[in-house]
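S.K.: Okay, these came from TrEMBL:
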type	residues	note
BINDING	N12, W13, K14, G174, S213, G234, G235	substrate binding site
ACT_SITE	H98	active site, electrophile
ACT_SITE	E168	active site, proton acceptor
Amino acid sequence: MRSRIRPIVVGNWKMHGLRASLDKIEKIVESVEKNHCRIDVAICPPATLTYLASRLCEKSSVMIGAQDCHIDEYGSYTGDISANMLADCGANFVILGHSERRIGHQESSQVVQCKVKHAYNAGISPIICIGETDDEYRSGRTLEVLQKQLDFSLPHECGDSIPIVAYEPIWAIGTGHVPSVIELEKIHSFMHHVLVDRFPEEGEKIRILYGGSVGASNVKDFLCIENIDGLLVGGASLQYESFLTIIETFEQAYVDSFL
């Protein structure tokens, strides 16, 4: 991790969670505030819980995000939610371009870019996900694929809300498999240089996360990699004990980096 960049750990609940699940957020908030957490923490519950979750967190440092938004600000789009609506519910972040949406909803990088622009306009920080398939990984095309996704998923200018980029190899999500430390060092260094070249002023401030089979048992594996500025956590974020372990481990490594 980079000591000059404040890390962030983001929990993506995906399509899990009812109102009864809000007690998990309460416990996370309680722990983060009690321990005076020195990294950023965000939770992205389903849209039905965005407002209630944001109310629970309004007096804490824990932030709430959403998992997607529409490409337009308003209109005749039955069932869709705009970035402005999410901001109105108290969302600070929105995950965009997750592989489950790119694949399941056939969302192109150009569509993702439109959503990013609307997130900027709404004052929400986008968490832009990129990643390669298993076939692309095995054929050695990882950097090529990531370059293309970065080129077309990010607008030409950063908004006032600095974006976050999350590398989530599709083949690692929910499989228990993760890239090696050497691979992650190469990939995250590549992404960092691409972002700095493209955004000379803001590039150094863009946090780069890793996601894909992140859990309490392997979080230490990511701490020695310079350009991993945080984690995007899926299934493990649904178990608040595991999520807190991930937060505490990452925070301790960040604090130790100043020693």
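Just so you know, glycine gets a Cβ as well, placed from its N, Cα and C.
Heads up, TrEMBL stuff is auto-annotated, nobody curated it.
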S.K.: Let me make sure I understand the structure: which of the binding-site residues listed (G174, G234) has the fewest other Cβ atoms within 10 A of its Cβ?
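M.R.: So among G174, G234, the binding-site residues given, the one with the fewest Cβ atoms within 10 Å is G174.
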S.K.: Please name the residue among the recorded positions K14, H98 whose C-beta has the most neighbouring C-beta atoms within 10 angstroms.
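M.R.: Result for the most crowded candidate: H98.
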S.K.: Tell me, by DSSP, whether G234 (substrate binding site) is helix, strand or coil?
M.R.: coil
S.K.: Have a look at the binding-site residues (N12, S213) and report the one with the fewest Cβ neighbours inside 10 Å.
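M.R.: Across N12, S213, these binding-site residues, the one with fewest Cβ atoms within 10 Å is S213.
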S.K.: Between W13 (substrate binding site) and the residue listed as 'active site, proton acceptor', find the distance joining the two CA atoms and give it rounded to the nearest Å.
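M.R.: Checking the Cα atoms of W13 (substrate binding site) and the residue listed as 'active site, proton acceptor' gives a distance of 15 Å.
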S.K.: To the nearest whole angstrom, what is the C-alpha distance linking H98 (active site, electrophile) and the residue listed as 'active site, proton acceptor'?
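M.R.: Rounded to a whole number, the Cα-Cα distance is 8 Å.
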S.K.: Enter the number of other CB atoms within 10 angstroms of the CB of E168 (active site, proton acceptor).
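M.R.: Its Cβ shell of radius 10 Å holds 24 other Cβ atoms.
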